[in-house]
Amino acid sequence: MLSTEQSCWFIRKVICWRAAASIAWAVLLLPPITLVFVVISKFSFLHPIQTISECLYLLTSASGIFSFILLCGVILIVGFLHLEYYTVIPTIACSKIALLGQLLHPQQLINSLVHCFMGVIVAWCCAVTMGFRYKTLGYPCTQSDGHPQMCLNEYHLILLLAGAFVGFCHSLLGVIYNMNYVSFHTVQQYKYLRFKRSLPLVVKCSATQALYSVRNFIVVYLFLGYIPRTWICKTLNLHLDSSVHPLDSIAGLLDLSLLYHLWSSATFLLLTWNITLLLFRIFVTEVYSFPVQSSFTEDSHQCLPKVLTEKQPMILKFLALQDLALLSQHSPSRRCEVFSLSQPGGHPHNWNAISKECLSLLTDLTQRLVAYHDTVATNGRAKSLSSGSERKTSSETSGTEDLMSPRPVFLMKTPASVFARSVAGTPQSPLTSLFTPDLDSPFASPALRRLAAPVEQCSPWYGTVQSPHIMRRAPKLWSTSTDSQVNGSPTPSPASVPSPKQEPSKPSFLAQFLQNRKEQLPEASSQALFADSQAHIWALEGLSYLVQASFSEDQFGVVQTTLPSILSCMLVLQEAVDRHFKLPHASSKPVRSTSSMGDSTYKTLRFALRATLKTAIYRIATTFGDHLNAVQISAEHRKRLQQFLEYKE
């Protein structure tokens, strides 16, 4: 394992510089964005020339320059937050209570407060830029007796509060929509083209989110606006002008000019922050080319085979897998380095390290899928007893699939004996008695009587069941057994067994509320299962393209030694993926939202993985053809591989 200093070289030399470049470009784009905002907020159709001259004077004034410096400082803080909290694996809340826990996390609360503070700063800059009635917080006024005093400018106050509210909402939406998630594009483009293509969407998202945020803020200020207004007046010793209508009323908030300026300020705030986020995503996900091998020992930790084994940081592992997928397709010279032998010794260290890491990733995903399917199948069997014929049919079909489909041996766990209940004396409920076979019936088979009979200690079936297939078939026959069945007595009917009536205690409203929020969301749990599948997609592409190229480029035959393991791993993974997609919630494609800056590509990663997996197996099958019949794999895998050779999958 590499040292911590060596593993952080990529962050210092690559990621930090890329983040700095994205922040620099965001600062360079700030003057034209500010100019557009000033023109929009001050433009007058009756006096266009005067509006342009006022805008130029404002941008060159001392207050305008000071506001620009503050905006640059805000951009720097936003860029630093992106660098600190970005992730390549999204955090998906599988229940509503889990999402609430993320929103109430202390780190998230601090992040929200920072965004509120930055929103106030940007709103103050907007107020100074727009001028007129928004310029200052206080203005001189006279009392009824003619005594001068300082009165509160509520227009300036409402603009500052709106900035804080928009910043707070932006922070919460960042958690809900995973805005800190950085995805990698399938099609490689220049940074300028990616920015040009995404800019209209960023403007649309900023304007839409600003509209909803201003709407919500108006509702909040209508009912709670007197609280900050009173606090500001007492703190700064300001007074309320009785001649001005208060804004925390319907008549005061139905000011179209005020609503327009609130929306334009919120749009400007969100646009600058979203452009900073867009530039950060573009720069960080840029392709990085790792050397396959190095002539110097001190640089060996920067080579692709070593980098692939890194666990942290995840951005390093993802960029390495992306580079592997690209070199396997488009770089014959680098592929030759992968297939080369070490000197001296003649060992394929590069290929062994790359193939081992890719197979480890695919095996890990297979284990997760099998464990998830077993959990869901267990819940499904428990619910199928009280369901109709439709669920019963699907349960029988699932049981047949469990028997026919092979499973990796290392994933099987020896379960407790399903026949141990027949001698445990467990009381039988009326529901399970309907599904208990009548052993005294002349139609009962001898095999059924033999299975339900007491098990002797010398029998190999005593204790635990060693076959997973019998474990899965048993719940299809009956749920529980009693001593009466063991002794051969007939099963009592549900009507003959008196069951005491127990009044179920009704849970409280709070308990029901928490229980509903704790329920797992099937779609979210499936998305969380494939949250890091982009790495598996690149591993599949890299392995399949390298195996395809080895047919003509591998002079030493280093790939042929691991070809059986690669085929077996892919076929087992495809079986697990197919079983997962037979679940009702896994095959429905979610609707992509275009109203926020959150990247929702992780919601469709499971479909991309399924297509990539099938394509990878077909790529190998079509390249080697009948030569694959000589590969040493199991009979089940050979039968499955034959389907690909005959193009029947």
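Here the Cβ of each residue, glycine as well, is placed from N, Cα and C on the backbone.
Residues or ranges marked as transmembrane segment in TrEMBL: 20-43 (among others).
Nonlocal intrachain contacts for the transmembrane segment (55-79), taken as residues 6+ away from its ends with a CB within less than 8 angstroms of a stretch CB, comprise 19, 22-23, 26-27, 30-31, 34-35, 38-39, 42, 114, 118, 121-122, 124-125, 128-129, 131, 272-273, 276-277, 280. According to TrEMBL, the transmembrane segment annotation covers 55-79 (among others).
The transmembrane segment feature in TrEMBL is assigned to 116-135 (among others). Tertiary neighbourhood of the transmembrane segment (116-135): same-chain residues 34, 37-38, 41-42, 58, 63-64, 67-68, 70-71, 73-74, 77-78, 153, 155-156, 159-160, 162-168, 170-171, 261, 264-265, 268-269, 272, selected by CB-CB distance under 8 Å and a gap of 6+ residues from either end.
Counting only same-chain residues 6+ beyond the ends of the transmembrane segment (155-180), those with a CB under 8 A from a CB of the stretch are 82, 85-87, 90-92, 99, 102-103, 108, 111-112, 114-124, 126-127, 133-137, 209-210, 213-214, 216-217, 220-221, 225, 228-229, 232, 247, 258, 261-262, 265-266, 269-270, 273, 277, 593, 596-600, 602. The annotation transmembrane segment is assigned in TrEMBL to 155-180 (among others).
Positions annotated as transmembrane segment by TrEMBL: 201-224 (among others). Through the fold, the transmembrane segment (201-224) approaches residues 158, 161-162, 165-166, 169-170, 173, 247-250, 253, 259, 262-263, 266-267, 269-271, 274-275, 278, 594-597 of its own chain, all at least 6 residues removed from its boundaries and within a Cβ separation under 8 Å.
Residues annotated as transmembrane segment in TrEMBL: 262-284 (among others).
Per TrEMBL, the feature region 'Disordered' maps to 381-404 (among others).
Residues or ranges marked as region 'Disordered' by TrEMBL: 477-506 (among others).
If you look up TrEMBL, you'll see 478-488 marked as compositional bias 'Polar residues'.
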